[in-house]
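Peer 1: For Asp38, Glu225, the entry in TrEMBL reads Mg(2+) binding site. Summarising the annotation, TrEMBL assigns active site to Asp38. What TrEMBL records for 39-43, Arg51, His55, 83-85, Trp87, Arg89, Arg206, 212-214 is substrate binding site. The active site, proton acceptor annotation in TrEMBL covers Asn86.
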Amino acid sequence: MFDKLLRKKTTAVPSTLQERVTIAKEKPMPTHVAIIMDGNGRWAKQRKLPRIAGHHEGMKTVRKTTLFANDLGIRVLTLYAFSTENWKRPKREIDFLMKLPGEFLSTYLPELVENNVKVEMIGSSELLPAHTKEAIQKAMEATADNDGMILNFAMNYGSRFEIAEAVKNLAHQLSENLIQLDELTEENVSSAMMTAHLPDPDLLIRTSGEVRLSNFMLWQLAYAELAFTDVLWPDFNEANMLDIIEDYQKRSRRFGSLEGDEIK
Ligand code: FPP
């Protein structure tokens, strides 16, 4: 009898990561998650290692996060891997960062293919070294037919540059009479962005305790939920990601409107 009473009173508290994943998957999952992967330098500094060691460890977190996001059923994962402002860093660090897509993809491409992940890129490939472009191109070709999660690398990406390019493109269409001024809508602008074929991010995560957007997806993040964590990117793990997803699932996304019962 005691046993029966006890069983009745016990509410199951999910303890393992797997149990939490199962519960999270029954609730609305963000379709598109965008991440500003920050804190590699500080992670390395804490260990008296060169900054590039932090970036290398960060690459392993890219793999872990990609597999976990895929498991959760997230459809698009956009990772800010190199910004247009990152060219201001020392040449040695830039050279290292430019080698990471090659190392990442030569190591993990078979695993991405196996998991039906499709690799894509936003940003301007013009200034990227040939070996970086080739590695990304090869991965995009190898995964072109995959219809699972899109792993979208933002490489040499800057939001203001993207917006300026979109404005140029639309101005050209106007001057050629391909569209009329009164036809210029938010949808046209979205279609002129590098993310034209993607839904806007539902959730933006930035690691390392910094609370800013750093020229990342400024147009697309208009209605995203924002999540900032103090965890440095190389330390970011599945439990940290799940904490954020669970928090996201508790939020009420109103897109400027009201809750159903508040609309009279
Ligand atoms: C910001 O941390 C991070 C970057 C500029 C680079 C991010 C790149 C990776 C995580 C690896 C990318 C991997 C692939 C496969 C493309 P920071 O260096 O500014 O850190 P800090 O603020 O602590 O100095």
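From the backbone N, Cα and C atoms, a Cβ is placed for every residue, glycine too.
What TrEMBL says about a protein is an automatic prediction, not a curated fact.
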Peer 1: Just checking, which of Trp43, Trp87 (binding-site residues) has the fewest C-beta atoms within 10 Å of its C-beta?
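Peer 2: Each of the binding-site residues Trp43, Trp87 was scored by Cβ atoms within 10 Å; lowest is Trp87.
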Peer 1: Quick check for the class: what is the C-alpha distance, in angstrom and rounded, between Thr84 (substrate binding site) and Asp38 (Mg(2+) binding site)?
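Peer 2: Taking the Cα atoms only, Thr84 (substrate binding site) lies 15 Å from Asp38 (Mg(2+) binding site).
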Peer 1: List the same-chain residues at least 6 positions away in sequence whose Cβ sits under 8 Å from the Cβ of Gly41 (substrate binding site), in sequence order, or say none.
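Peer 2: Expected: Arg51, Gly54.
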Peer 1: From Asp38, Gly39, Gly41, His55, Arg206, which binding-site residues have a C-beta atom under 6 Å away from some atom of ligand 1?
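Peer 2: Asp38, Gly39, Gly41, His55, in sequence order.
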Peer 1: Just to confirm: which same-chain residues, 6+ apart in sequence, have a Cβ under 8 Å from the Cβ of Glu225 (Mg(2+) binding site)?
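Peer 2: For Glu225 (Mg(2+) binding site), the qualifying residues are Pro30, Asp202, Leu203, Leu204, Tyr248, Arg251, Arg253.
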Peer 1: So for Asp38 (Mg(2+) binding site), how many other CB atoms are inside 10 Å of its CB?
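Peer 2: Excluding its own Cβ, Asp38 (Mg(2+) binding site) sees 22 Cβ atoms within 10 Å.
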Peer 1: Cβ-Cβ under 8 Å from Leu213 (substrate binding site), same chain, 6 or more residues apart: which ones?
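Peer 2: Ile36, Ser159, Leu204, Leu221 - these are the non-local Cβ neighbours of Leu213 (substrate binding site), listed in sequence order.
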Peer 1: For Asn86 (active site, proton acceptor), what is the tally of other C-beta atoms lying within 10 angstroms of its C-beta?
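Peer 2: The Cβ of Asn86 (active site, proton acceptor) has 17 Cβ neighbours within 10 Å.
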Peer 1: Using DSSP and collapsing to three states, where does Leu213 (substrate binding site) fall: helix, strand or coil?
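Peer 2: Its secondary structure by DSSP: coil.
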Peer 1: Hey, what's the Cβ neighbour count for Gly39 (substrate binding site) at 10 Å?
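Peer 2: Total other Cβ atoms inside 10 Å, all chains included: 25.
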Peer 1: List the Cα distance (Å, whole number) between Asn86 (active site, proton acceptor) and Gly39 (substrate binding site).
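Peer 2: It is 14 Å, counting Cα to Cα.
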Peer 1: Long-range neighbours only, meaning 6 or more apart in sequence with Cβ under 8 Å: which ones does His55 (substrate binding site) have?
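Peer 2: Non-local contacts for His55 (substrate binding site): Asn40, Ala44, Glu93, Phe96, Leu97, Leu100.
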Peer 1: Counting other CB atoms within 10 A of each CB, which of the binding-site residues Thr84, Arg206 comes out lowest?
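Peer 2: Ranked by other Cβ atoms within 10 Å, the binding-site residues Thr84, Arg206 bottom out at Thr84.
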